[in-house]
Amino acid sequence: MNKLLIIIYFVFISLGLPDSVLGTAWPTMHQELHLVTSAAGLIAMVVSVCTILSSLQTIPLIERFGIGKLVLFSVLATAIGLLGYSTANYYWMLLLFAIPLGLGAGAIDTSVNDYVDLHYKAHHMNWLHAFWGIGATVGPIIMGILLSNSLSWRMGYLVLGIIQLLLVLLLTRSIPLWKKVHVPVAETGKRTTTLRQVITKPGVIFSLLAFIFYVGTEASIGLWGSTFLVNAKGIHVNTAAFITSTYYASITIGRLIAGFMTFRFGNRFILYVSETLLVIGVVLLMILPGQYSLVGFALTGLGSAAIFPTMLQETPRRFGTDVSTQVMSLQVGLAYVGTTCLPPLLGVISQYFGMAIFPYILGIFSFILFAATILLEKGVRQTHTS
């Protein structure tokens with residue numbers, strides 16, 4: 001394994017660290033700051049909007065700065081956001097520091113995913129996102145440990161911000177490695193196709209829909225999972241943080257397994273099996289009582305594991321390598337529409353119907369994801385056979 005790939009894996013650990021921490025800390029945060037439960041939705045929305053904006057601008061940013069510097073600046077932006085959270089005494093401060101957090105995440109997600117998609121085999125894409133899962137698992141564990149030891153949620157964000165700064169130092173020394181392998185997008189000829197032509201390619205709309213509802217489902221679990229367990233299942237906040245972390249641990253384990261499965265099974269088979277497991281896991285969340293919800297979260301995580309990396313890896317096959325970078329940018333950017341809209345929507349609905357509605361809304365999201373995948377593959381098959 002080359003040095004650059006190791007660094008890329010570390011980058012994705014850092015990308016995952018803050019993703020689920022807000023949901024873990026929120027039961028404590030909103031009480032201390034005297035906020036309603038649904039106020040977390042607007043914070044998540046700001047992060048998501050900024051992620052969308054930076055994702056859609058990734059191609060020109062790579063052309064201007066190169067991927068190495070772009071990743072460096074992006075990790076620095078996430079560090080600023082996390083350190084800012086650690087100083088927040090007011091709601092507006094959380095909203096303000098959500099901006100660099102989202103801008104950094106979007107540029108990292110799009111640029112690194114596209115690079116790995118074009119330069120490495122399918123198992124590396126799954127393992128890349130397994131390392132994201134490590135970050136997403138470790139983040140709430142760090143926060144949960146600090147909270148259980150009567151330390152503030154601010155200390156949790158401070159620790160995560162320092163970790164990001166350490167990665168910034170590593171990336172500063174790694175820029176020459178990126179220069180050795182980076183080919184500017186402008187030299188590849190990929191931008192000859194207009195955005196309108198890309199969107200109207202058969203299946204692209206269904207692909208974007210699938211990304212919206214998968215990422216929206218994942219974000220909803222991360223943001224509201226702990227609150228659901230505390231409010232609807234009567235579980236202590238520290239136990240809820242642990243159970244939520246099993247979701248991300250299952251994603252990590254599932255992606256490691258999926259990487260090996262790609263040696264034997266095709267991406268489409270893995271995708272359909274994964275989405276089936278996701279649906280089963282959501283059903284278990286509906287029916288299992290109390291701490292047995294752990295099983296539902298674990299199975300939902302296993303089902304979620306391979307969906308995102310597999311859909312990314314399928315991009316060149318589905319739409320062609322000539323537009324894969326543009327489609328990738330759209331997929332990652334529009335995926336965060338799901339993060340922007342679906343968790344806040346779920347939060348608003350729960351204000352009226354209670355958090356017990358949580359798994360049923362997830363069931364609707366999962367059904368739409370499954371339907372979009374089926375329609376997408378049908379359109380791609382028709383295109384390839386025509």
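Think of each number as a place in line: the chain as shown, counted from 1.
Positions of Cβ are set from backbone N, Cα and C atoms, glycine also.
What TrEMBL says about this one:
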DOMAIN    4-381  domain 'Major facilitator superfamily (MFS) profile'
TRANSMEM  33-53  transmembrane segment
TRANSMEM  65-84  transmembrane segment
TRANSMEM  90-108  transmembrane segment
TRANSMEM  128-147  transmembrane segment
TRANSMEM  153-172  transmembrane segment
TRANSMEM  198-215  transmembrane segment
TRANSMEM  235-257  transmembrane segment
TRANSMEM  269-288  transmembrane segment
TRANSMEM  294-312  transmembrane segment
TRANSMEM  333-351  transmembrane segment
TRANSMEM  357-376  transmembrane segment
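Note: the stretches the transmembrane segment (235-257) and the transmembrane segment (153-172) are not in contact (fewer than 3 CB pairs below 8 A, sequence gap of 6 or more). Beyond the ends of the transmembrane segment (269-288), by six or more residues, the same chain brings 217, 254, 258, 261-262, 295-307, 310-311, 314, 358-360, 362-363, 366-367, 369-370, 373 to within a C-beta distance below 8 angstroms of the stretch.
If you look at the transmembrane segment (198-215) against the transmembrane segment (65-84), you find fewer than three C-beta pairs under 8 angstroms, all six or more positions apart, and that falls short of contact. By the Cβ criterion (distance under 8 Å, sequence gap of 6 or more), the transmembrane segment (65-84) is counted as touching the transmembrane segment (153-172), at least 3 such pairs being found. Same-chain residues lying 6+ beyond the ends of the transmembrane segment (294-312) with a Cβ under 8 Å from its Cβ atoms: 113, 117, 122, 125-126, 128-130, 133, 207, 210-211, 214-215, 217-218, 221, 225, 243-244, 246-255, 257-258, 261, 267, 270-271, 274-285, 288, 328, 331, 359, 362, 369.
The transmembrane segment (333-351) shares more Cβ pairs under 8 Å with 33-53 than with any other stretch in the list 33-53, 90-108, 128-147, 153-172.
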